[in-house]
Amino acid sequence: MEYKNTLLMPKTEFPMRGNLPKREPAMQEKWAEMNIYEKVQEHTKGRPLFVLHDGPPYANGDIHMGHALNKVLKDFIVRYKSMTGFCAPYVPGWDTHGLPIEQALTNKGVKRKEMTVAEFRKLCAEYAYEQVERQREQFKRLGVRADWDNPYITLEPAYEAQQIKVFGDMAKKGYIYKGQKPVYWSPTSESALAEAEIEYQDKKSASIYVAFPVKDGKNVLEGDEKYIIWTTTPWTLPANLGISVHPELEYAIVKVNDEKYIIASELFETVAKTLEWENAEVVKTVKGSELEYTVAKHPFYDRDSLVMLGDHVTTDAGTGCVHTAPGHGEDDFIVGKKYGLEVLCPVDDKGVLTEEAPGFEGLFYDKANKPITEKLEEVGALLKLTFITHSYPHDWRTKKPIIFRATAQWFASIEAFRKELLEAVAETKWVPAWGETRLHNMVRDRGDWCISRQRAWGVPIPVFYAENGDPIITDETINHVADLFREHGSNVWFEREAKDLLPEGFTHPGSPNGEFRKETDIMDVWFDSGSSHQAVLEERDDLQRPADLYLEGSDQYRGWFNSSLSTAVAVTGKAPYKGVLSHGFVLDGEGRKMSKSIGNIVVPKKIMDQLGGDILRLWVSSVDYQSDVRISDDILKQVAEVYRKIRNTFRFLLGNLDDFKPSENTVAVAELREVDRYMLVKLNDLITKVKEAYETYDFAAVYHAIHNFCTIDLSSFYLDFAKDILYIEGANHEDRRAIQTVLYDVLVALTKLVTPILPHTADEVWPYIPGVTEESVQLTDMPEAVQLDGAEALKTKWDAFMTLRDDVLKALEVARNEKVIGKSLNASITLYPTAEMKAMLESINEDLKQLFIVSEYKLGGMMEEAPADAPKYEHTAVVVAQATGETCERCWVVSETIGKDAEHETLCERCATVVKENYVK
């Protein structure tokens, strides 16, 4: 008889190799055929809603690792919520207006100047839709479950109409105004920018100290002094109209040779050192407030520079006397306005100096620095020129420096509802907690929001102008424009004349002849995405406002979190979200930012093509995503190893349940052995721990808990000793069915627990599980932890056994290395434990030699009675010897009962009995 044919070896068609790059697309096709998103929504209908609102990625180019991290994190949460008593719809969105799309078309050779704005915008829309399609397929490949057929797209007419309504509501409340103010201006984009469109990079700039002679000392100064200012933007000097000093600071008149200079007293030493003054002495001090209304002369133009008081003046750098150009700085503008100065801005849209800067007209602002500095030297006003590298604002799209420039723009007055914004921030739950401080400080300190852009591709600002120049924004005009946009899209604004965009028969006192013109600026794209709470959450039947959660990268505190909060509080008085969760950026394995120049860019597509989407998802679950995270081939190799461990665990469980029918073979908990019940206690601990981790969005804790359970609790212990029973005993042996009962519970629970993270693998495992009826594991709920009677005592006892078992394993390892035994089944062990451990061992009814995977087990005396040469460990001394007897051909246990049964001479007594009872006809 071939005894190997009498072994119940694992049997399953579940493949050992994942082959995910091929298998996942097939699984996704299956999901599409069964309409998995709709099925889950149907299955969870009527449950409380949990709405995670998708911050729209920008529709341009392939998805990158930041997109993958973001979408997968969202998918974890939505999938988990739909398995824990919620209906969790997930509507993906795209942000589709803005400069990058205009640039992409120009780069493709579109001749923009040869077509109308409306024609150009049509091309922009076509391009945006192509990009949406491209990204949609890539997000689906990640295994993200969403309403992919019904996303929200910011260029769609229904969305634009709601955005117009948001603008109209804000205007009605008096929050929208037009004003000339210095704004961030990008000469390369030829448009105003919002704070969220700015990034800081190092820039080399001239650093100059300039003397402004006093013209009128107002009886405080003698008239022969000179104010010293410091600036890193010499090109703004043609726009200088004043000097700001701090009212509370003390200023010193410093005599240096024949000159007298005015600087802040506390900066005397620093300035003296920088300007290399020798024998400088302070001849007089005055308070800043006394210098108000004294007048200096512009160094190279025949005009005055008024001395004014400003709280923005500091002594962190410079001289305490601040060059003030109301057309080129926010503080300058505020102070200048207070003192009635004009807003002089001699720089055009392209960043070129105009005729209002005589002598420098036609020069690009950055190129004007040198001739202006030379002019200062020529007139004897330049005291020092050096160069510094400092952090300077750049256009986040073109990566070129920007300037402050006063222009006529549309603003949303944050000041008008700042208090409500701060209250809304305080009422929101922030994860990580520092998010609250970050947004609170931004809201507290931010100026009014410049919402107009001088571009073509965006939502028009729905304002008309009367013949006398009055802007027209009324309920009637707003509603009419919203209706037009809903019907025709926003391109209608560029296709029709102003009068054809107004309600029929519309009149206005400022237009006696019935003539009107329309605004040509468009809205900031942050106003687009920031209106999604109205256009999506409020408008769609399957969603609700406020959303339960917004989840984006930490750059969105100044972006989408901020703009959404501003528009929602302005319109509804409340935040659009109950909670906000943020994640860090994806860096390479060495912690460097990914860039083309370094050549360290990791793309999601490559990972999915080589390893699979579930490996990428498992990586997302493994990282501390609330900080910046790292990815590299080595890191992915480690993650793939963990995946293999989890997959092999599933395969082992399935293989050993091939002949198990849950309805017939399940053993009641009360009839299980202690070790089996202990395994169920460990499973319940896992369920509790994993669900708590999902609840707190701690996916790394889920990853580690599942990995440890598969490796330590199952592979290294339970499954290891269970093989002897599963393979060797007869199919219906009570111990075998007991173990299968536990394995079945473990398999079902484990499959569900990994579903949010590894949906492809979980749904691949699911149909192989005996007795399941659901079409997909996604249509089930998370397992519930069952409280077993006496669980705590059981856990205490068997945890103690596990620590003692570790001592035994160490001793067996030593014996193997010393060639006392080959493998552990060759061993006979005698234990000399501590009193506590001895009592514990004596209370165990299970076969201890099976639990230790040895052929013979003896309990000797106490630890102190152990032979002197026996290795001693924390809980026991262990004597390892070669077991006596021969090796059984069937179970490989060394036994003295081999051959006792004449019909089965090579088998031990146990195997002979099993064979006779189960396999001999």
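The first residue you see is number 1, and the count goes up from there.
Each residue, glycine too, has its Cβ placed from N, Cα and C.
Of the candidate ranges 223-227, 288-292, 593-597, 688-692, Swiss-Prot annotates residues 593-597 with the feature motif ''KMSKS' region'. When the neighbouring Cβ atoms lying within 10 Å are counted for each of the binding-site residues (Cys891, Cys908), the highest count belongs to Cys908. Taken through DSSP, the motif ''KMSKS' region' (593-597) splits into 0 helix, 1 strand, 4 coil. Cβ-based neighbour count (10 Å, all protein chains) for Lys596 (ATP binding site) stands at 7.
The DSSP breakdown of the motif ''HIGH' region' (57-67), given as helix, strand and coil counts, is 3 helix, 1 strand, 7 coil. Taking the centroid of the Cβ atoms of Cys888, Cys891, Cys908, Cys911 as the Zn(2+) site, the other same-chain residues with Cβ within 8 Å of it are Ile728, Glu889, Arg890, Trp892, Val893, Ser895, Ile898, Leu907, Glu909, Arg910, Ala912. Per-residue pLDDT, averaged across the motif ''KMSKS' region' (593-597), gives 75.
Reduced to three states, the DSSP call for Cys891 (Zn(2+) binding site) is coil.
Cα spacing between Lys596 (ATP binding site) and Glu552 (L-isoleucyl-5'-AMP binding site): 24 Å, rounded to the nearest whole number. The binding-site residues shown are Cys888, Cys891, Cys911; of these, the one with its CA atom nearest the CA of Glu552 (L-isoleucyl-5'-AMP binding site) is Cys891.
In the three-state DSSP scheme, Cys908 (Zn(2+) binding site) is classed as coil.
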